[in-house]
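Only one structure is covered here, and it is reproduced in the block below.
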Amino acid sequence: MPLDERIITEAIVDGYFAKFKSSLELDVAIVGGGPSGLTAARLLATEGFNVALFERKLSLGGGMWGGGMTYNVIVVQEESAHLLTDVGIPVARYKDNYFTADAVAATTTLASAACLAGVKVFNCMSVEDVVLREVNGIKRVTGIVINSSPVEMAGLHVDPVVLGSKFLIEATGHATEVLHTLVRKNDVKLNTPSGGIEGEQSMWADVAETNTVKNTREIFPGLYVAGMAANASFGSYRMGPIFGGMLLSGEKVAADIAAKLRG
Ligand code: 48H
Ligand code: FE2
């Protein structure tokens, strides 16, 4: 049969908009496709929740592709290695509690595992704002405002569209972009010591890795922080190219939100 280009177009449009329509009311919206967001997304989708992940760039993976300074090997600790091996990423002990994995294999496999678990991925899509509503007398995040990344990058004056979500995971990394937008535009108090965003501190891998998991929590009703965004929100340190804390943060936020969704 000869190929009909119009049917190719129709297949794309039907496939994409079926996915889009089934994302109008999400259980969990995840902003950022780095290691923490990908891990959280995979685990929540595996539990059967309606999960979508929004990533500004074309490629998922955030800051994990290049290992340290483009030397594309990552380091993880033993307690987080299962989050790589569970999805088939080979991990080798370097020494003591230091394990290594190929950064490209780890990044692509985490992305693939999330997709295959049922996460609806919207790459090339930026989250530019949130929806705030009063529910039972408490202001909470009830949705996200999204726009096409090329629209954003070209600075075009095109209005965004809105999706509803019971929970939102802010996993935008160092920039903590969604939370900054929330704080800038609204008179809100976060669940942090100052009530605002504390900001990221300089390098201290040991403390930072422990804190990443502690700082992974609900920072505002309906809004959880994960990964580097959790440390930047709560004023902790950076840790350089060790990724165990990012993976464990994804695991923790998924477990916390799954427990809430199950009631
Ligand atoms: C859509 C967005 C938006 C937006 C940003 O930076 P990431 O890899 O995030 P984490 O926290 O999972 O991992 C952090 C890790 O990569 C890292 O940087 C470490 C461990 N650093 C230590 C150190 O000392 O430096 O990924 C975040 C993703 C990126 O892909 C962005 O493009 C994306 O979020 N993103 N996507 N809408 N508004 N903002
Ligand atoms: Fe970083």
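Just so you know, glycine gets a Cβ as well, placed from its N, Cα and C.
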Handout entry: Site co-member for NAD(+) according to TrEMBL, given Ser36, Glu55, Arg56, Gly63, Val127, His157, Val158, Asp159, out of Met228, Met239
Key = Met228
Fill in the blank from the handout: By a three-class reduction of DSSP, Asp159 (Fe cation binding site) is assigned coil
Exercise for the section: By CA-CA distance, flag whichever of Ser36, Val127, His174 among the binding-site residues is nearest to Arg238 (glycine binding site). Expected result: His174
Exercise for the section: Give the subset of the binding-site residues Arg56, Val127, Asp159, Arg238 lying near ligand 1, defined as CB under 6 A from any of its atoms. Expected result: Arg56, Val127, Arg238
Practice task
Rounded to whole angstrom, what's the largest C-alpha distance between any two of Ser36, Glu55, Arg56, Gly63, Val127, His157, Val158, Asp159, Met228, listed as binding NAD(+)?
Solution key: 32
Practice task
Could you measure between Asp159 (Fe cation binding site) and Ser36 (NAD(+) binding site) for me? Cα positions, answer in whole angstrom.
Solution key: 29
Handout entry: List of residues, in chain order, with Cβ under 8 A from that of Val127 (NAD(+) binding site) and at least 6 apart
Key = Ala29, Val31, Phe54, Ile144, Val145, Ile146, Thr172, Glu177, Val178
